[in-house]
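Residues or ranges marked as NAD(+) binding site by Swiss-Prot on the basis of similarity to another entry: 58-63, 92-96, 116-117, LYS129, LYS138. Residues or ranges marked as Zn(2+) binding site in Swiss-Prot: GLU169, HIS229, HIS245.
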Amino acid sequence: MDLKYKLGNDVIRIVTGKNILKDFACELNSGGNISIISRNVYKKYDLSFIKNRIIIDDGERAKSMEYLTLIINELLNKRVERGDSIIYIGGGTTGDLSGFAASIYKRGMGLIAVPTTLLAQVDSSIGGKNGINYMNIKNLIGTFYNPKLIIDDISFIDDKKLMMDGLAESLKMGITIEPELFNIINNDPDYIIENIERIITLSINAKLSIVSKDFHDKKHLRYVLNFGHTIGHALESYFNNNISHGEAVANGMIIEAYISKCLGNADISNEIRSIIKRLGFKIIDFRSVDINRLLEYIKNDKKSESGYINIVAVNGIGRYKIEALSPEEMLKILGGMP
């Protein structure tokens, strides 16, 4: 796939394929361009053809003032100009930090994205959001800033656990926005792997269909992209981040589909549970969860407004609406979870 999309005021080129990164070696090494590379990715893959590089740690620790300052200092020391580009090669945290640095250095320089996880390829690299954490608050400081080029090299996707995290996000979009995506993922693992490039393309198109109408996230149209995340983020906090994002979102989708049913929508919670189980996600035994403590995390969700909790309620595949619940209503429904 080699297509161009308009997003906000920008035109973004997205190229998807296998073993394609070296095809862009000249562009990546052009002028004062500098690559910010995840340490894990740099250790695992031969990226010696990339000449001008900064290696950073993985994970939320890198999304900090410390690492931002390190990058800005390197850009200054290497006399990087505004017309040059930052290239990031890594997962979502590498992209968040690099995108923010590109957006503020000399009021904005070029940005090229090379997401190396399925999660980053189908989700975090699309939509322009970036940021760093501050005072233990996630993504407190950030901007909306698009890459001019996204290179989705599927040869990086060779870790089963990381692939599952990405499939959870693709399934989310298949349930709410793109039924064809749902139908592909609702298959055996071999079929899914054979169709991974198609999954990436459909996921990108699904997300772009939403963010292109609400680039700066002002109209609440992006709410649908949070299906499974209101509960999922709460589960991550509840378990002290000892479960992966994909596992949290997968379980969040099961629970939010159950909530949807309780609100009078079509019951697809068992269908979603079956797919998630087949994908290999661990399904949380909700009977062992302290509902009151979980509710406290749910109430902290950034999409909550005026004391009400906003949920993406699914009403069949490809159909959804936003429902607002009081904490008392949420507690009552969660208390009845099987």
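Quick reminder: no glycine exception, Cβ is built from N, Cα and C everywhere.
Structure with Swiss-Prot features highlighted.
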{"residue": "ASP58", "record": "NAD(+) binding site", "DSSP class": "coil"}
{"residue": "GLY92", "record": "NAD(+) binding site", "DSSP class": "helix"}
{"residue": "THR117", "record": "NAD(+) binding site", "DSSP class": "coil"}
{"residue": "LYS138", "record": "NAD(+) binding site", "DSSP class": "strand"}
{"residue": "GLU169", "record": "Zn(2+) binding site", "DSSP class": "helix"}
{"residue": "HIS229", "record": "Zn(2+) binding site", "DSSP class": "helix"}
{"residue": "HIS245", "record": "Zn(2+) binding site", "DSSP class": "helix"}
| remark: For the binding-site residues listed (THR94, THR117), most other Cβ atoms within 10 Å of the Cβ sits at THR94
| task | Provide the number of Cβ atoms within 10 Å of the Cβ of GLY92 (NAD(+) binding site), excluding the reference atom itself. | result | 21
| request: Could you name the residues, excluding GLU169, HIS229, HIS245, of the same chain that surround the Zn(2+) site, i.e. Cβ within 8 Å of the Cβ centre of those residues, in sequence order? | output: LEU119, ASP123, ASP165, ALA168, LYS172, GLY228, GLY232, GLY246, ALA248, VAL249, GLY252
| Separation of alpha carbons, LYS138 (NAD(+) binding site) and HIS229 (Zn(2+) binding site) (Å) | 15
| message | Going by Cα-Cα distance, which of the binding-site residues (ASP58, ALA62, ASP96, THR117) sits nearest to HIS245 (Zn(2+) binding site)? | response | THR117
| Closest of the binding-site residues to GLU169 (Zn(2+) binding site), Cα to Cα, picking from GLU60, GLY92, THR94, ASP96? | GLY92
